[in-house]
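The block underneath contains the structure these notes are about, expressed in structure tokens.
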Amino acid sequence: MAASEDGSSCLVSRGRSQSDPSFLSDSSATSTDAGENPDEMDQTPPARSEPLVSGIRTPPVRRNSKLATLGRIFKPWKWRKKKNEKLKQTTSALEKKMAGRQGREELIKQGLLEMMEQDSENKACSPKEGSQPVQSEPPAGEQETLTSEGAQPGSPSASGTDQVSQDELLSSDAHLDDTANIPSASTAEEADAGSLLPTTDEPSQALAGSDSLDSPPRSLERSVSQLPSPPLLPTPPPKASSKATKNVTGQAALFQGPSMKNNEPALRGQLATPTGSPHVTTVHRPLPPSRVMEELHRALATKHRQDSFQGRECRGSPKKRMDVRLSRTSSMERGKERDEAWSFDGASENKWTATKDSEENKENLMLSSELKDDMLLYQDEEALNDSIISGTLPRKCKKELLAVKLRNRPSKQELEDRNIFPRRTDEERQEIRQQIEMKLSKRLSQRPAVEELERRNILKQRNDQTEQEERREIKQRLTRKLNQRPTVDELRDRKILIRFSDYVEVARAQDYDRRADKPWTRLSAADKAAIRKELNEYKSNEMEVHASSKHLTRFHRP
């Protein structure tokens, strides 16, 4: 009997009834095992809630409860996998975009690209590989020990610490998105920031800072701890690690007090100095992507235009040089005012150098700053060119483009340098003037005199008497025509003037009182029928209609 029961237990996993007292102890044991590895707990589907009613010796009969189908529809253990896949997709897409803009090594220097090839155990860089060691994330074992030390004394043992470490790993994944979203800075900022190597991950700074402050005598096996380094301020944790902060010790909560809340916006955009560096970097606020792109475009455009401007200055006259300098200084002052309006609390010197270099590029400045609002619709260069050609730009844009063109119109000296306008000395100009004067004088001398024109009857001599005589003749001619005009009767006799009544026979109608009763309004039905009959007979007999147009004639119903 016992052997048969053992064989059946190997084949079918029998669930105990809830009335069995050993059921509670088994459930507590399984819960502790699940607490030790939360990943397995999340991935295993929930057990079917089907109470098994067992008889004395009969096998248990399954009864489907109401919650049996819930496991098929509601699967929360698959949500975390989907979230992780989405995070991986977004991080890979962002890293591809950033790698397309700049080189891989520059991105690693700026701390914007996290190494995808890193294994789960991230070790600190050895001093042979780089001149300055870079702080890396502690491995999973150290994270567990850190969180277990920082756990509250009254917290429930191992499950809470494992949850903290798991949430911190999630927060580091989420923070990788934040670091990848930071736009690439301008080339001027890269020159100053290239010498400093920022740390790769901000959550690792938080862990290292809290560890060094909570337990200073503890020695971790890292190359960073051996160097004499100033204590790093822990950066505020990202939003994804809100669950982890609830389980952290009271010491850590006291350390991240109101002072850290005040410093949060400054530290978010700050580049952390590597350990051992004597100076601290200046605090930079990350520029929005549109302004970064504008500064990059300006810097590229100034490189192309600097050579041409220098050549023009060398060849131009001293007066022209003074004009160019004055125009440049005025445009530089304008650009400084614009940059002061754009800048945040403290703008760095790199921005100023970039804007000073870009002042020579007038067209890009005008289009980027003054036409900023109107050019939002025309982000694409092809659309902008099409709108300029077709004339569909807004009026303000047209005016500003025209002003830019007029302002950047080449001078006479530049046209002469390009051989568009020929170079001439004063003597050559004088000779050309003399030739033109001679041509004009010849034409004037060849013009015929007044006597010659009178002889040809082109120009007539006029006196007052002759003019009056001509007027009299015209009047006599007109009066003669008017006198010889025939009368109406003569025209009627000649049948030249014909009235309408000459064509139509007029029937004299009796005058009647319009306000009196009209007799034809008092017609009976028989009278109307007789009138219709007479009209139809007249039409059929007297009026000849062509066969093709017979269908157009009206026939009054008798």
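Each Cβ is built from the backbone N, Cα and C atoms, and glycine gets one as well.
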Checklist outcome for this item: Checking THR44, THR235 against Swiss-Prot, the one recorded as phosphothreonine is THR235
Item to check | Range among 412-448, 449-485 that Swiss-Prot annotates as coiled coil | outcome: 449-485
Checklist entry - So how many other Cβ atoms are close to THR69 (phosphothreonine), meaning within 10 Å of its Cβ? => result 11
